[in-house]
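Right, one structure below, let's go through it.
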Amino acid sequence: MSDNQSVKKWSRIFVANNIWVPIIAIVLGLICGAIVMWIGGFNAMEAYQALFDKVFGSKYDIGETIRTITPLLFTGLSVGFAFRAGLFNIGADGQLIMGMTGATIVGVKIDFLPWIVHAPLTVICGMLIGGLWGALAGYLKSSRGVNEVISCIMLNWIALYLSNYLIRTVVLKPGTQRSETIQESASMSIGWLSTFMDNARMDWGIVIGLICTSLFYIILWRTKQGYELRAVGFNPEAARFSGINVPKNMLKSMMIAGMFAGLGGVFEVLGVFHYQVISAASAGYGFDGIAVALLGGNHPVGILLSSILFGVLTYGSAGMNFSASVPTEIVRIVIGCIIFFVASQGLIQMLYKPFMARREAKRKEAA
């Protein structure tokens, strides 16, 4: 085998496994962030040290980092699941908002059920409302041919203003711009764990998120339905000729994706804030979920790891600002660079090939 063939072989393995791309992208993103800090007159090493000190400096900070990771995990799973079926779910933001609103209304208005019934009911309602919001975009795509990117963007804005309307007319706390506080019987906070973590806002969201990560894998790689969804994602025409109902699977994938995103909103209300505010704009979790899914290669394990990375960077950015006087926007630059390098696989391959060629040459010499 020639050196050129060896390099091509390693490149194919490299791309197929999709392992080194995000790792190299993260390193390059951190380097780019350091360069920006250096240009701005900041000490990059001190800034990154402050970031990690903020994240791991106390039990409270660790707990709040986990709290930050949770919605990113749910929206990452949402976007990644739709990607696997060949759909770009840019509507995770709207689905999260609708899940949040559904949970708020059920959590506030029902006051006669015990926790063992009320809390699961509220979670399920919020999840289903998020799923139905995603299914609406799936229906428009599968039955009317409406591009899901366009419909999802429109549905994001509709969700935001519909949510504000429902809060104002159904559950508004008088004299404020937020809803009433949910009933204690609907809360998904973990009181004893919050106490242990120095009053960090701990809830069952991260546990459900890990369960959903497992379900993501089981559904897509261990069921007939998952095979059909992935087949539609690889090649809709081939799937259609093999007897798979493509429109039906598009609808299913968007509904499941919406359920994942809806759960992210549910636990923001039931586990963290216990109310919902009237917002002029979304928190952006859905758009961050796109980055999480892309960095994670649309694989559940990758999405979990990338959500941890993004959560660490997001929460730790406050430490950079406080201890090293570095603007928190620098972290967004780092995240943007990471996503750029993930999307630029060809560029990373170009940087990676010489290393693999030298490695192959040394292997031959040793043989």
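Any Cβ shown, glycine's included, is placed from N, Cα and C.
These features come from TrEMBL:
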- 20-39: transmembrane segment (TRANSMEM)
- 72-92: transmembrane segment (TRANSMEM)
- 112-137: transmembrane segment (TRANSMEM)
- 149-167: transmembrane segment (TRANSMEM)
- 202-220: transmembrane segment (TRANSMEM)
- 250-267: transmembrane segment (TRANSMEM)
- 301-318: transmembrane segment (TRANSMEM)
- 330-352: transmembrane segment (TRANSMEM)
Result, the transmembrane segment (72-92) in contact with the transmembrane segment (149-167) (3+ CB pairs under 8 Å): yes
Residue numbers, six or more beyond the limits of the transmembrane segment (301-318), whose CB comes under 8 Å of its CB atoms: 18, 22, 26, 50-52, 54-55, 61, 64-66, 68-69, 72-73, 76-77, 80, 210, 213, 216-217, 288, 291-293, 295, 328, 330-331, 334-335
Distant-in-sequence neighbours of the transmembrane segment (72-92), which means Cβ under 8 A and at least six residues beyond its ends: 133-134, 137-138, 141, 148-149, 151-153, 155-156, 205-206, 209, 212-213, 216, 220, 229-230, 232-234, 236, 249-250, 253-254, 256-258, 260-261, 263-264, 267, 285-290, 292-293, 296, 298-300, 303-304, 306-307, 310-311, 314
Non-local residues, at least 6 beyond the ends, that sit with Cβ under 8 Å of the transmembrane segment (202-220): 63, 66-67, 69-71, 73-74, 77, 80-81, 84, 123, 188-190, 193-194, 226, 229-230, 256, 260, 263-264, 266-268, 270-272, 300-301, 303-304
Long-range Cβ neighbours of the transmembrane segment (250-267) (under 8 Å; 6 or more residues past either end): 70-71, 73-75, 77-79, 81-82, 84-87, 89, 91-93, 95-103, 122-123, 126-135, 137-139, 141-142, 148, 188, 203-205, 208-209, 212, 216, 219, 225, 229, 232, 285-286, 289
Intrachain neighbours beyond the transmembrane segment (112-137), with Cβ under 8 angstroms and 6 or more residues off its ends: 78, 82, 89, 91, 94-96, 98-103, 106, 148, 151-152, 155, 159, 182-188, 208, 251, 254-263, 265-266, 269-270
